[in-house]
Amino acid sequence: MSDSAELSSKYVLQTVGFDARFPNQNQTRNCFQNYTDYFKCISAKGEDYAPCKQFKKAYNSLCPNEWIGKWDEQRESGTFPASLEP
């Protein structure tokens, strides 16, 4: 089995479904909201709580990797611009 065939059998690519809270084309707020919702969810329920993973899948699909990296750094340094408390 080739590397690409093996890789494609491990991952299923899907786009995020429609969210009525964000009806417009610009998905910046949707990206940010899913990012904050994920960390609020794991703060309240723990990292193993399966429903939290939907937020992570959504922000990984919607957000540029550069933004995620910047926000991760801000969370770690305590300078993230939003509350992540549940």
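Any Cβ shown, glycine's included, is placed from N, Cα and C.
Curation plays no part in TrEMBL annotations; they are all automatic predictions.
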As recorded in TrEMBL, which of C31, C52 forms the disulphide with C41: C52
Neighbouring C-beta atoms (10 Å sphere around the C-beta of C31 (disulfide bond)): 22
Rounded to the nearest Å - Cα separation of C52 (disulfide bond) and C31 (disulfide bond): 15
